[in-house]
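Trainee: TrEMBL feature annotations, pasted as is:
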- Thr12, Gly13, Gly14, Asn126, Arg167, Ser199, Ile253, Ala272, Leu273, Ser274, Val275, Ser276, Glu277, Gln298: UDP-N-acetyl-alpha-D-glucosamine binding site (BINDING)
- 5-144: domain 'Glycosyltransferase family 28 N-terminal' (DOMAIN)
- 192-354: domain 'Glycosyl transferase family 28 C-terminal' (DOMAIN)
Amino acid sequence: MAKRVIISGGGTGGHIYPAIAIANALQHREPATEILFVGALGKMEMEKVPRAGYQIVGLPIAGIKRSLSLENLTLPFKMFRSLMKAKQVINDFKPHVAVGVGGFASGPLLMMASMAGIPTLIQEQNSYAGITNKFLAKRAARICVAYPGMEAFFPKEKITMLGNPVRSDITYVHLKRNAALEHFGLNEGLKTLFVMGGSLGARSINESITDGLHKLVEAGYQVLWQTGKNDIDKAKAAIEKVGTDRVKAFDFIYTMDLAYAVADVVVSRAGALSVSELCLAAKPAILVPFPYASEDHQTKNAMNLVDSNAAILVKDPEAREKLVDQALMLLDDPTRQRELQTNINKLARPSAADDIATEVLNLIQ
């Protein structure tokens, strides 16, 4: 009998790509496993999951707007419709287990699954648990976490610390440098700064790089820059103004293994996925945590690395003043690069996806 697994969640790459990594590990272990994703309509998982080869169903769920908005008045109706849709999906697919990775869709799906007596597993990527996962934990059979001290949020007896699942192609990026240089059209003889703001971009990082782009070019470096959709036009205008072919900007980079392979130094937000990938790729990193993340969890993620001398922290409000100068200092200091590289790699969990897949399969009777 084929085992059936629902994986729910999304909203950002930090939820989507761990979910895909778990799905890939499940199918590697047991190729006959049937997997269905459940996401939020209009969110990026509706594009990224099919691209990875999996079927996805969308729920009409949405988050609360931080500013005053009439859209917030529709949230109870969207939640009710999402719960009913989740119930229908569960009745039709008949999963043996449901996995929640965070994001809007996890709540309704895991609530209805647990009410139907289906075992549920939560994968919490961050060092500070979100409200939804704290609520869902009461009924979850297993909770997989990536950081110590998570018993502050979850029942201790349900927790297992396995790390965050990441894309398997990131494991051997050191073997892909030549292919990466050719893919992005970069110069083999120059050091490369890879700038990424997460799957949705990062305005403060992008503005800092725009302001200091001439410094990076004049110092003899090249830049690979993932801007997000909102800032790609501004980035291209900045590149044209500097008048260089040593800066390559993209709104989104699908070949992240090649991006890491070509990077000598990385500038990044401190989302759980980015941090886990940096550990596995063993890249010297400057982290600029998003200050408005729930409970400031990105700063907590970053500090786990900084406290281990495994990364450099630049606070978001100070980015325009300090970020490019910090990048220049690190690019010019190979000894510091090696130190950060060694320490960040000690925090890697290369078997996380396989270990979580084992926990999922163990829940199936």
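Easy rule for this one: first residue shown is 1, then count along the chain.
Cβ atoms here come from the backbone N, Cα and C positions, even for glycine.
The model shown is predicted, which means the values in this text are computed figures rather than measured ones.
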Trainee: Should Val275 (UDP-N-acetyl-alpha-D-glucosamine binding site) be counted as helix, strand, or coil on the basis of DSSP?
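Mentor: Helix, per DSSP.
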Trainee: Look up Gly14 (UDP-N-acetyl-alpha-D-glucosamine binding site) in the DSSP assignment and report helix, strand or coil.
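Mentor: DSSP call for Gly14 (UDP-N-acetyl-alpha-D-glucosamine binding site): helix.
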Trainee: When neighbour density is defined as the number of other C-beta atoms within 10 angstroms of a residue's C-beta, which of the binding-site residues Leu273, Val275 has the lowest density?
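Mentor: Lowest Cβ count within 10 Å among the binding-site residues (Leu273, Val275) is Leu273.
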Trainee: What mean pLDDT does the predicted model reach across the domain 'Glycosyltransferase family 28 N-terminal' (5-144)?
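Mentor: Here the predicted model's pLDDT, averaged over the domain 'Glycosyltransferase family 28 N-terminal' (5-144), is 90.
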Trainee: Note down the number of other Cβ atoms within 10 Å of the Cβ of Ile253 (UDP-N-acetyl-alpha-D-glucosamine binding site), including every protein chain shown.
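Mentor: A count of 19.
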Trainee: Sequence gap of 6 or more, Cβ distance under 8 Å: name the residues on the same chain that satisfy this around Arg167 (UDP-N-acetyl-alpha-D-glucosamine binding site), in order along the sequence.
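Mentor: Residues satisfying the criterion: Tyr17, Ile20, Ala21, Met256, Asp257, Glu277.
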Trainee: By DSSP assignment, list the helix, strand and coil residue numbers for the domain 'Glycosyltransferase family 28 N-terminal' (5-144), in that order.
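Mentor: Grouping H, G, I as helix and E, B as strand yields 64 helix, 28 strand, 48 coil.
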